[in-house]
Structure formats: structure tokens, C-alpha cells
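J.: Quick one: this structure, given as C-alpha cells, is what I'll be asking you about.
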Amino acid sequence: MSDVIKNFFKLESAGGILLVIAAAIAMMIANSSLAPMYDTFLHSYIGGMSVSHWINDGLMAVFFLLIGLEVKRELLEGALKSKETAIFPAIAAVGGMLAPALVYVAFNMGDPEALSGWAIPAATDIAFALGIMALLGNRVPVSLKVFLLALAIIDDLGVVVIIAFFYTSDLSVLALVIGFVMTGLLFLLNAKHVTKIRWYLLVGFILWVSVLQSGVHATLAGVVLGFAIPLKGNKGERSPLKHMEHALHPYVAFAILPVFAFANAGISLEGVSLDSLTTTLPLGVALGLFLGKPLGIFSFSYLAVKSGVAKLPTGVNMKHIFAVSVLCGIGFTMSIFISSLAFGGVNPEFDKLARLGILMGSTFAAVVGYALLSISLPKKAA
């Protein structure tokens, strides 16, 4: 049995499989007699924050740290090294935020209260999207994975800006100032060629606390820290960035992401009817994610390539881009977070309807995106 387990964890797709299993277990528990226990656990407080809060703002900051490390490495010496390939995911991300929001607005023009949820389908759940992609293992070109990483990070940063400007009423200026100072200090350490990881982790922790207290999504601190870690060590030293990336990967893939999925996928379907699913609010969210996302990402990507503004990453074609654009319709936790900000304290019924739309759109995006990606990729890695 131990050999079976060891062989499983060696699989490229193992992390994605664990994430899907964890999400499925959460859904089953949330719709069983164990639901109250599940809810009580997630809302139990440890050190002033709920378990759910620790997972989403604490553990996921480590995940975003790894993402920051991977994207920085690709920008400096990998698939995003040229200007044309680096700008490509940024252009795609803009389309991926605009089109879903417009689809949602088109469905809810007649309801001013529902319109406040316009940003719900603009988000991409990077963890779930990567988890589904990971199911295909080493068939996925590194350059395509990096495109998804970069696109989703820019998308998430855009959502953070949206939250700050449209959904946050109590930003802490002092905490933001401290956060900016810590960010400056991190890049000063980099500029001075400091390669000892512990100094970056110390400043990064203070940055995380300040961002957490500021009212902005704390996972942003992880991305900033990842970009500050130096790629090259001093003479004779190993790469700090690559060392940290290698060390974090198994913890993120086999612990943090499955825990995240378990904590966020438990959506109750109690009281759900066909009539409630076909009202404009959940339809706007679901179609914004499932149709708006690929429409925006693919059309902006296509125009960017055809106009010569950007170019496709090595080993990637437009079929791959379309499959990834569908996969980006997995809004899930980021969309749920925005829904809670838009409706949670004002209209709980709207919040529930939005979550149903998120579940529908994200599920369709995951299934269809996986199928399209599987069809478009070679059967075996080259």
C-alpha cells in the first residue's frame, strides 16, 4: 500500500485529483446531516480569525507566494521572457474581466439592487483552475500553465482593485501605508542582493498582516513576496527563488489546495428549485462565467495576436487558449467572496442565488474546459 501511495504522489495530476476529491467531499457533507458540524468547524475562531478566514487569507497567501515565484521565473528566463509574450496574458485578463461583467449587466439591467453584483463573474479561481489543469499532468506545456498563472494573477489583482474601489467601505489607510513601506523594503532587499530567505519572510509576514488589516485581500501579499525573492544567488549560491519554489510545491499541491477546496466547496443545495435557477441573477452569473469569460479572453487574445501586439507562447496554439479561456470561467471562491460583499449584508436571498449561479457556471466551465483541453493537447508529452 505504501508503494501505491508513493506512486500516486509522484503523478503530475495527483494534486488536481486530491483537490477534486476534497471539493466533492465538501459538497456531500454540506448537503448531509453533517452540514451543521461542517459549518461550525469553519466558523470556529482561532486567534481572532475563523478557520475559514485562516485558510482563505493565511494558507492561500502561501499558494499565491508560489504563484508569484513561478511567474517571476518565467518572466526572467522562461515562457514570458519577451515583451510580446509577457503582455499577452495581461490583454487576455482585461477581456476576461470586461465580458463577464457585461453579460451579467445585460441580464440584470432592470434590477438596480441586483446590478451591484456586476463584478461576481469577473473573477477566476486560480486554485481550482490550476487543479483541473493538473489532472492532465505533463501533457500540459509549461508555457500554457504559465499563461494561465499570469492571466489569473492579473485577473485577481484586477478583482482586488474592484473590491477596493466598489465594495470596501472601511479601508485602513495606516495599514495600507505600512503595506507599501514593507513592499518597498522587500524590493530594497532584492536591490541590495540580499539572498537570505529569512529576511524576506520576516518582512513578508509584516506585509501580510498589514494587508490583512487594510481591508484588501491578504493573498496579494503572497504575490508581492514572490516577486521580491531574488532569482540569482550570490556567487556560488543556489537560486533562492528556485529553492523556495521547489520546497513549497508539495505542501501547496498536496495540503494547502485540498484544504482550501474542502473549506470552500461546501455549498448547500437545500431549497433549490428549477424556478430559482432560471431567474436573471443566477443566470447572469452562470453565463457570465461560462460564456462571458471565454468570449472575453479568447477574443482579446485573438485580436492581440492578429494585430501583432502580442504573440503566442512557445508550444501554444489558439485551441489551447480557447480551452484555457473556458477553464477561467471557474469563478468559485473569488466570485463567492465578491457575492458576499455585494449582497451578504444586504440581501441574503440574492447572495444565495448568486452562489447557485457561481456553482452552475464554475461546474460547466470546469467540465467543458477540461474536455476541450484534453482534446486539444497531445496524448503524451513531447
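Every residue, even glycine, has its Cβ placed from backbone N, Cα and C.
According to Swiss-Prot, the feature transmembrane segment maps to 14-34, 49-69, 87-107, 117-137, 146-166, 171-191, 205-225, 252-272, 285-305, 321-341, 356-376, an assignment based on sequence analysis.
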J.: Is the transmembrane segment (205-225) packed against any residues at least 6 beyond its ends, judged by a Cβ distance under 8 Å, and which are they?
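T.: For the transmembrane segment (205-225), the list is 56-58, 60-68, 153, 156-157, 159-160, 163-164, 168, 170-172, 175-176, 178-179, 182-183, 186, 337.
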J.: Does the transmembrane segment (117-137) make contact with the transmembrane segment (171-191) through 3 or more Cβ pairs under 8 Å, each pair 6 or more apart in sequence?
T.: no
J.: Please report, as numbers and ranges, the same-chain residues at least 6 past the borders of the transmembrane segment (285-305) whose CB is under 8 Å from any CB of it.
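T.: 87-88, 91-104, 107, 117, 120-122, 124, 151, 311-312, 318, 321-322, 324-326, 328-331, 335, 339, 354, 357-358, 360-362, 364-365, 368.
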J.: List, by number or range, the same-chain residues at least 6 past the transmembrane segment (14-34) whose CB is under 8 A from its CB atoms?
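T.: Residues 8, 127-128, 130-135, 252-254, 257-259, 261-270 contact the transmembrane segment (14-34) from elsewhere in the chain.
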